[in-house]
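Swiss-Prot annotations:
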- 1-13: compositional bias 'Polar residues' (COMPBIAS)
- 1-24: region 'Disordered' (REGION)
- Cys52: active site, thioimide intermediate (ACT_SITE)
- Asp59: active site, proton donor (ACT_SITE)
- Val74, Glu75, Ser76, His93, Glu94: substrate binding site (BINDING)
Amino acid sequence: MSKTDVSGLSQLGRQVDAPTSPETAVLERVPNTNAGTDYVVRFTAPEFTSLCPMTGQPDFAHIVIDYIPGDFLVESKSLKLFMTSFRNHGSFHEDCSIYIAKRLVDLLDPKWLRIGAYWYPRGGIPIDVFWQTGEVPKGVWLPDQGVPTYRGRG
């Protein structure tokens, strides 16, 4: 097993303040030492929070990000800090969800990426947002995201 070069990272192994906005959050990447192999990386954020841009009230989501890396992997501490940066950020559910996915695509240029953002109800209506870069490459095992649609007490 080869060792990953982490010399260019600015956050891993250091105490870092949470970014004040998603736009200023620094996402970092590391080389993928298995770049010749297609495999799925999954990140799950079951307690994602942001703010409603109209009321300032908190919004909550269970977010699942799956991607097939190319030459790079997202460094997980930077992803955690990026996701945390939404806590005081006002934006609609759709905007948050797609922004997260596109920032990762811009950073990583993955072979494939999808996001499932399962937002908890506000005003009685749950909003789920799904986006992916294209068809899943053949031969890749892609498990279900495992988040049931919202049923309330039903």
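Placement of Cβ uses the backbone N, Cα and C atoms for every residue, glycine included.
The recorded positions near the residue listed as 'active site, proton donor', taking a 10 angstroms Cα-Cα threshold over the set Cys52, Val74, Glu75, Ser76, His93, Glu94, are Cys52, His93. Cβ neighbours of Val74 (substrate binding site) (same chain, under 8 Å, six or more residues apart in sequence): Leu27, Glu28, Arg29, Val41, Phe43, Leu104, Leu107, Leu108. Pairwise Cα distances among Val74, Glu75, Ser76, His93, Glu94, the recorded substrate-binding residues, top out at 24 Å.
Asp59 (active site, proton donor) falls within a strand segment according to DSSP. Spatially, by CA atoms, the binding-site residues Glu75, Ser76, His93, Glu94 include one closest to Cys52 (active site, thioimide intermediate), and that is His93. Of all the recorded positions listed here (Asp59, Glu75, Glu94), it is Glu94 whose C-beta has the fewest other C-beta atoms within 10 angstroms. Around the Cβ of His93 (substrate binding site), the number of neighbouring Cβ atoms within 10 Å comes to 20.
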